[in-house]
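*Asks:* Let me begin by handing over the structure; questions about it come next.
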Amino acid sequence: MTRQWEILREYDEIKYEFFEGIAKVTINRPEVRNAFTPKTVAEMIDAFSRARDDQNVSVIVLTGEGDKAFCSGGDQKKRGHGGYVGEDDIPRLNVLDLQRLIRVIPKPVIAMVRGYAIGGGNVLNVVCDLTIAADNAIFGQTGPKVGSFDAGYGSGYLARIVGHKKAREIWYLCRQYNAQEALDMGLVNTVVPLEQVEDETVKWCKDIMQHSPTALRFLKAAMNADTDGLAGLQQMAGDATLLYYTTDEAKEGRDAFKEKRNPDFDQFPKFP
């Protein structure tokens, strides 16, 4: 099915589009298998932040341009002494900020993977909430081959997903795994023919959009809290505070302060 995606904002190295409640962020560097630069990542951070704040967006899809690659990680040609060097000549590892943003956005983020999801590209797949893989998808880590590694979500959280033994295999041997192997180890949620991957992804998005956004927000925060320590707890606590602010009980405290009177909290139930 052909869809008319609406361009929400123009970028140099990514696309940011919208269709019926779905925001789609596409890494647009197919000539290098959608490897990212500091600029690519900065643009993705901006797009994801806009999707987070947009009340018309219910689900976010992350993908790569073309059928050959989702993302092949950091562009090694941009790698300098202390990180990946952008136009400002400052070495950065700002993809770590993007990983955290994807985790804390209170909306489901789905990776739509076609072709290679390698290195930092596989880590982006890992931090997304769900993954729809085309049958030509290839996953793997290359860090130890090129003098790099991801000691955060790319290893610790990966081990939670596929198990410690498998995660060590993935990192120590730097092998590549096809879509079926990724499905078998729990790295993706489903595998579909390449020509159906967008249709299936949109279907999953539409199914998700039938459900309570507040419930989904808390479920994401709860599952993140299990792996993200105090930062994860902060996310869930912040969501709880936001929900509390919408209650009459919280509004009574606020209004009493503004009206310079004592709050009447006795009117509210004390549930067991």
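Cβ from N, Cα, C; glycine included.
According to Swiss-Prot, the substrate binding site annotation covers ARG33, 72-76, TYR84, 116-120, THR142, SER148, TYR245, LYS260. If you look up Swiss-Prot, you'll see TYR84, TYR245 marked as site 'Important for catalysis', on the strength of sequence analysis. What Swiss-Prot records for GLN141, THR142, GLY143 is hydrogencarbonate binding site, and it gives sequence analysis as the kind of evidence.
Could you place the listed features in the three-dimensional structure?
*Replies:* A C-beta separation below 8 Å, combined with a sequence spacing of at least six in one chain, links GLY119 (substrate binding site) to SER72, GLY73, GLY74, GLY140, GLN141, THR142, GLY143, VAL146, SER148.
The number of other CB atoms found within 10 A of the CB of THR142 (substrate binding site), across every protein chain shown, is 19.
Long-range Cβ contacts of TYR245 (substrate binding site) within its own chain (separation 6+, distance under 8 Å): LYS251. Mapped onto three states, the DSSP output places TYR245 (substrate binding site) in helix.
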*Asks:* If you count other C-beta atoms within 10 angstroms, which of the binding-site residues ARG33, GLY73, ALA117, GLN141 is the most crowded?
*Replies:* ALA117
*Asks:* For ALA117 (substrate binding site), name the DSSP secondary structure in the helix/strand/coil scheme.
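*Replies:* DSSP assigns ALA117 (substrate binding site) to strand.
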*Asks:* What number of additional C-beta atoms lies within 10 angstroms of the C-beta atom of ASP75 (substrate binding site)?
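*Replies:* ASP75 (substrate binding site): 18 neighbouring Cβ atoms within 10 Å.
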*Asks:* So which other residues, same chain and not among GLN141, THR142, GLY143, have a Cβ within 8 Å of the centroid of the Cβ atoms at the hydrogencarbonate site?
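*Replies:* What remains near the Cβ centre is GLY73, ILE118, GLY119, ASN122, GLY140, PRO144, LYS145, VAL146, SER148, PHE149, ASP150, TRP171, CYS174.
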